[in-house]
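The annotation domain 'MARVEL' is assigned in TrEMBL to 17-149, 154-290. Annotation comment: TrEMBL describes 20-41, 53-71, 91-112, 124-143, 185-211, 223-244, 264-284 as transmembrane segment.
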Amino acid sequence: APSAGGAMAVVTVNRRAVSSWVGIARLCAVVSSCVAFSLVASTKDFGGPYGTWCMFTWCFCFAVTLLVLLLELLELYPKLPFSWDDFTSAFSMLAALMVFTASVVFPSTFISSPCSGSKCSRQAVATTFSCLCFLAYAFEVGLTRAKPGDVSSFLSTVPGLLKVFEAYVACLIFSLLDTYSWAPGLQWCVAVYSICFIVTLLIIVATVGRCLSYMPCPLEKVLVAYSALALLMYITATVLWPLYSFRGRSRPESCGRNCWWDKHLGITFLTIFNLIAYAVDLLYSTRMVFIRAP
């Protein structure tokens, strides 16, 4: 019975948080990531920057997804001072990208050929569950993506999801940067990566924090203008980075895992990926703003 001094607190349980398709996808992601990092932890062979990154990815996605499930199960998320739909959409996209990267990096770094023994089997099973975790997050992204005409949650639209992709690819580019100060063209490329990353990240944070509505100018048109400018900047980086990186410089014969040539080649491909992302972003943003569905 409630005490005489106050009413009893009532906790509401939302069973759809775990019974809906989105909830089931999140449960699968929690289980898969837990199995992945538990198996890798049992091998005690996850040192170095790549192993640390993979373990952080699985543990981070497990913890945040479990927290999301609990907040939705207990219906506590409406009390949070930010846009819950934008946050969950951005996180599911980010988690899918992070787990996909871990699913590629971990086996290529730690699983040797031929693979034999208990340790190798656990690493292979961990890789399998990491791939299942990626599929669970990708399924969640597909389920929560905004339908045409629905702009209630910007980060669940195609331009919003692409913003997360663009910021993540920029982070991968930063992780591969080493020597570039000797050429002005490479310095310009690094400036392009940095400026576009900062602005894109600010858009994501401001959207989640519900701050974009305070802008004194038409927000949709500003985003279209930014996408066009970022596309033009990335076009210059796509041309200048390989031109200044590889002109007159062939791959060294004794090029190990941390070879500068391989890193610059990876940055070239990542720059192309972001160029395509910004082009698609501009296309969808333009359609959303200037071509209204009847």
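Glycine is no exception: its Cβ is also placed from the backbone N, Cα and C atoms.
In TrEMBL, annotation is done automatically, which means it is predicted and not curated.
Owing to the predicted nature of the structure, the values given are computational and were not obtained by experimental measurement.
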Range from 91-112, 124-143, 185-211, 223-244, 264-284 with most C-beta pairs under 8 A to the transmembrane segment (20-41): 124-143
For the domain 'MARVEL' (154-290), how many residues does DSSP put in helix, in strand and in coil? 109 helix, 0 strand, 28 coil
Can you name the far-off residues of the same chain, 6+ from the ends of the transmembrane segment (264-284), with a Cβ under 8 Å from a Cβ of it? 157-159, 162-163, 165-166, 169-170, 172-173, 176-177, 189, 193, 196, 224, 227-228, 230-231, 234-235, 237-238, 241-242, 245-246
Cβ-Cβ under 8 Å with the transmembrane segment (185-211): same-chain residues at least 6 beyond its ends: 81-83, 86-87, 90, 154-155, 160, 163-164, 166-167, 170-171, 173-174, 177, 223, 226, 230, 233-234, 236-237, 240-241, 243-245, 271, 274, 278
Helix, strand and coil residues within the domain 'MARVEL' (17-149) as assigned by DSSP: 110 helix, 0 strand, 23 coil
